[in-house]
Amino acid sequence: LPAGCRGAQGRFAYKLLHDLFANYSSALRPVEDTDRALNVTLQVTLSQIIDMDERNQVLTSYLWVRQTWLDAHLTWDKDEYGGIDSIRIPSSYVWRPDIILYNNADEHFGGSMETNVVLRSDGHIMWDSPAITKSSCKVDVSYFPFDGQRCRLTFGSWTHNGNQIDLRNQLDTADLTDFVENVEWEVLGMPATRNVITYGCCSEPYPDVTYTLLLRRRASFYIFNLLLPCIMVSFLAPLGFYLPADSGEKVSLGVTVLLALTVFQLLVAESMPPSESVPLIGKYYIATMTMITASTALTIFIMNVHHCGPGARPVPPWARRLILHHMARLCCVYESPGEGEVGAEAGGCPWAHCLCHHDALLRNVGYIAGCFRRHRANQRRTGEWKKVAKVMDRFFMWVFFLMVFLMSVLVLGNAA
């Protein structure tokens, strides 16, 4: 347009603003008939998920909120004002619906930004305002880190009932075209529903628009940093049964693995809400720690069996039959055949043909032979108990390997 026309447009806009707000009040609901409800349309655009605080159950999101309504007191004939069809003015100049987020969890209760509104000649007002909202969200971490969440954002008027403001959603879902992808959460959708609720305080209906944000956690970070280390550490626990009993490291290995799992358990507990719902990975940690505690206790018992002294009783027949035969064959533990009775045949020279006829010498030789037979018998009993301990070690190693494998499959199966 020529410079003169642009100047005329400016004068018309100034005159229009002066004429519109000469006798206008932004305190009253802008309807001709006060008995009729004012239609307000709401549309939300999700721009970004800033944070999901599972422990405090608060969702922080960045939204663009668009509200449209008709102000019957702000209309004009555009031909009288140089063809001006719309103007942009501060939102504080006009009446605005008191639409707020019902489930707000912000301690400062910050609202939308004071942005301009677009006012058209037919009285339609469109107010677009960005807002960073903190909303309460009931978090269910039963399947963490393979969980999904449903967070609701409920918008409604705080003081006007349904007979005064009829709030409706423009679309059946929020706008996600400008959404910035979140590194932890995947957005599956954000459907919108309109609800009309009658509260206990009042008899009038109060409409609201509820957006349900459907989220699914991206579990890769937690799989590589919490789950896989736990599985690998868990497979170390059964190897404690494979260590030689004389190494002195069997119990210390179990205790070290138990401490490592305790650290992982504390990391999970710090980020989860203190609720009765135990996360899936927490259940896996507890089950694994219980198994490692049991394996450490069994290791102590088996080491006691292994280090039986010379004064130990002989291996009972049922234990010899069950452990040294059946369990040893089952665990592929093959032992050298037991030595025969040492000293069963007195290998000394016969009395009748002995060249040594002195009684003292014969008594000394008999005493030495008896000590040797008792020593070999004690060695045989100690060796049998060591064989029992080795078979039990190998048996429990395979049992606990199977338990770790089944627990890992069960966790992944529940996650799927």
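Even glycines carry a Cβ here, placed using N, Cα and C.
Summarising the annotation, TrEMBL assigns domain 'Neurotransmitter-gated ion-channel ligand-binding' to 14-218.
Here TrEMBL flags 226-335 as domain 'Neurotransmitter-gated ion-channel transmembrane'.
Below 8 angstroms of C-beta separation, residues 144-145, 184, 251, 253-254, 257, 260-261, 264, 267-268, 281, 284-285, 288, 291-292, 295-296, 298-299, 302-303, 306-307, 386, 389, 393-394, 396-398, 400-401, 404, 407-408, 411 of the same chain, each at least six residues beyond the ends of the transmembrane segment (221-245), sit close to that stretch. Look at TrEMBL and you will find 221-245 (among others) tagged as transmembrane segment.
Within the chain carrying the transmembrane segment (251-272), a Cβ under 8 angstroms from the stretch's Cβ atoms is held by residues 54-55, 141, 144, 226, 229-230, 233-234, 236-237, 239-240, 243, 279, 281-282, 285-286, 288-289, 292-293, 295-296, 299-300, 303, all 6 or more beyond its ends. As annotated by TrEMBL, transmembrane segment applies to 251-272 (among others).
Per TrEMBL, the feature transmembrane segment maps to 284-303 (among others).
If you look up TrEMBL, you'll see 395-415 (among others) marked as transmembrane segment.
Across the residues of the domain 'Neurotransmitter-gated ion-channel ligand-binding' (14-218), the predicted structure has a mean pLDDT of 89.
Same-chain residues lying 6+ beyond the ends of the transmembrane segment (284-303) with a Cβ under 8 Å from its Cβ atoms: 227, 230, 234, 237-238, 240-241, 245, 250-251, 254-255, 257-258, 261-262, 264-265, 268, 278, 389, 392-393, 396, 400, 403-404, 407-408, 411.
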